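All remarks here apply to the structure that follows.
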Amino acid sequence: MASTDPLEEIWKHAMSPDKTDLLCFYPGKITMSGIWTGDSPLDFSLPLLLFQIILITTTTRAVALLLTPLRIPRYIAEILAGFLLGPSVLGRIPHFSDIAFPVRSLFILESMSLLGLIYYTFTIGVEIELHTLLRAGRRSFWFAAASALPPFLVGAATGYVAVSTDGTRRTADQFLNTLSFPVFLGATFCATAFSVLARNIAQLKLAGTDVGQLSISASLINDTWAWAGLTVATALAHVRYGMVPCVWTIASGFLIVGASYLVVRPMLLRLAGRVAEGEVVTELQECSVLIGVMVAALVADAGGTHAIFGAFVFGLAVPNGPVGVAIVEKVEDFVVGTLLPLFFAMSGLRTDTAKITSVSAAVLLMVAALAAAILKVVAAVTVAGTFGMPLHDGISIGLLLNTKGVIELVILNIGKNKKIMSDQSFTVLVFMSALITALVTPLLAMVVKPARRLVFYKRRTIAWAQPDSEFRVLACVHMARDVPALLTLVDVASPSERSPVAVQALHLIEFAGRSSALLLINASAPSSSFEHSTRGRSQVELQFKHISHALLAYEENVAGVTARAVAAVSPYATMHEDVTAAAEDRHAALIVLPFHKHRSVDGGLEMFNPAIQPLNQSVQRVSPCTVGILVDRGLGGVPGAGCRVATLFFGGRDDREAVALATRMVCNPAIDLTVLRFVQKGGGGGFMGGAADQFDALKERKADDTCLREFLDRANSMSANGGGGAGVEYRERGVFNASEMVTQIQEVEALGKDLFVVGKLPGLPALTAGMADRGGDKGGRAGAWPPLSSPNLHCKFKF
């Protein structure tokens, strides 16, 4: 065999018209000896990789922080960060790209970004349950089909025209480009990013609306279709090697799906069943699932589809319950915060405006992208009109379904890697993706905000709602354990056919990136088959179903009650907006909030979530109606079994609300009710200050007397007619100081009261101010005001 000269081979390679980049790697240049020996960190692989990750993550966070006031999705910030670091902006600085992103480092950086993308698509798959597709409803399917088919046809037609008129592509790969590029472009135009859309809906406070629910369901369906289209387009890319590789690629995709659902899912469902019975997910089991993700990605990539397809299908096979949550929590923060920005940065580094050489082709793609976006809106408006929905709802759904995200970038990157898409097409489509997504938020603000809550709503209170009128309550719950105490409170409000009580339980769910939680919004009452199919459901969904079941059972067993449960998914920082909006929509007279502490094992109170107290304070500050803070010390008895209630009255508008609630209790025959009024002796309650202060004090005293007179008149009327509670008692106690007041309260407490109803800001400040100073509302300790040591439950009202 004749020997060849290596230098001659290198020269031939360099002079060849089909040459590619030739790089030489030095295995010894991975870690450095130190800057003290003269080494440069950027000359070694590991320090350079760490520098690149720090640079990309910092830039992404900085851009996101700058764009926060504009309420632009984080997806846009990540794209812009990559664009800034790419050749179009900072890359124009001499030697910047050679120093920060040398060619020799891009292989490692892209491999790291793809690893992050694999696990990110896995988490998306975990959050999607196929049974939610089956429950999506007819309207969701029609919105999904109408918003996907026209853009796909526009993309396919545009891709075919672009390939057919491109003279540079008339090569042996013409058939390849004629088939695969139109499919890639069509899949790009019809895709809707489910995870990005979920965050947008949560930020725009549309989660509790019909628009938000339909958009989430339709985007879920569109995402599934987009992944299927990506698989087909990837298989078509193998036509250059003949039809046999193309067929085997599609067959391998079906094989991965079948193995995931016939082998992996049954095993994980059995594990979920054991976890539901109390077993803990072990580290070995979590590690096995995470290794399974890499195995699925490896098999998919070897089969010719793509590694992320295998990870996504494997994620679909994982039940979104305690097992799925435990696994996602292991990887999500690191993947989303560190590795995923690398993928967006790589997309930005590939976006080079200098590669736009054909203006006509670029304009064609831009017009096609805009046409596809407009067609989505037109299609959504048409479907909305078919189902009798308002015009602005159809426009809103169409705009939301134009949200782009990871799935579109994945399609574009695969197309570029397989040389199906030119650098110019990639740059234009990435730019249009970011532009269309950025336009969604301001256009939605123009469409949705003017039509939002135009119904007149007067500031309502318990006293404003007459005792015989419908009493509307918005009860907020964080978990199923909040429900028994809530139902006890509703039960003592004396619901009846004559005086009905309408309760809406608002399940408050923190939105922390769990997009699937938004699928619970406006969910219907649970079906009777729920108990037999709980293993594959998420913990959040199980909580919501338990809450719905409890309210449904209460409504069926108690006359005069209408009860339903809905969910609100939002960050705690803005969750008060969801609560107040729900109160306005329901015209609620009372909002009930759980106390930020729960009963502990030893009988005391312990904080279970530090974000609850600021939420309660925000609701009280902006609420349109009365707010009650419900402190549960373990009451929650059987509705209708009787309850011993004491109402403490010192004067003031908050205490008048407490008496107004007591007035409704008079009609309940199972209630033992005591109203205790305190009057300060010795002139301490005299009117001090100027004429205006004295007038206000007299006005308050008159309002107090009127409120108590209404209570006594109703109690006497019910007693004369043979109705009323098991025992209704009114007492007045004169006290000289706070010590005597505490003694009187403790005497009432010694009678074994179950429920104390008090005002948040009581009158007689000379007596009660000292109690607040001991840490009542300021320190957040229940029991300092009022001075109670063992009540099961008491409420604090704020008007």
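Each residue, glycine too, has its Cβ placed from N, Cα and C.
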Completion exercise
Among 75-93, 303-321, 322-340, 550-568, TrEMBL lists transmembrane segment at 75-93
Exercise for the section: Quick one: sort out which of 99-120, 473-494 is the transmembrane segment according to TrEMBL. Expected result: 99-120
Fill in the blank from the handout: Per the Cβ under 8 Å criterion, with at least 6 residues separating them from its ends, the transmembrane segment (426-448) contacts 70-73, 75-76, 79-80, 188, 196, 200, 204, 206, 211, 347-348, 350-353, 355-356, 362, 365-366, 369-370, 373, 392, 395-396, 399-400, 402-405, 408-409, 412, 415-416
Practice task
May I ask whether the transmembrane segment (99-120) has at least three C-beta pairs under 8 Å with the transmembrane segment (363-389), counting pairs 6 or more apart in sequence?
Solution key: no
Practice task
Give the one range among 49-68, 99-120, 183-202, 242-264, 395-414 whose Cβ atoms make the most pairs under 8 Å with those of the transmembrane segment (141-163).
Solution key: 183-202
Fill in the blank from the handout: Spatial neighbours of the transmembrane segment (183-202) not adjacent in sequence (6+ beyond its ends, CB under 8 Å) are 73-75, 124, 127-128, 147-149, 151-156, 158-159, 162, 212, 215-216, 218-220, 222-223, 225-226, 229-230, 232-233, 236, 368-369, 372, 400-408, 411-412, 414-415, 420-421, 429, 437, 440-441, 511, 513, 515, 518, 569-571
Fill in the blank from the handout: Same-chain residues at least 6 beyond the ends of the transmembrane segment (242-264) with a Cβ under 8 Å from one of its Cβ atoms are 231-232, 234-236, 292, 296, 299-300, 303-305, 309-310, 313-314, 316-318
Exercise for the section: Sort out the residues at least 6 away from either end of the transmembrane segment (49-68), same chain, that have Cβ-Cβ distances under 8 Å to it, and list them. Expected result: 41-42, 74, 76-78, 80-82, 84-85, 100-101, 105, 108-109, 112, 337-338, 341-342, 344-345
Handout entry: Confidence summary (mean pLDDT) of the domain 'Cation/H(+) antiporter central' (502-638)
Key = 76
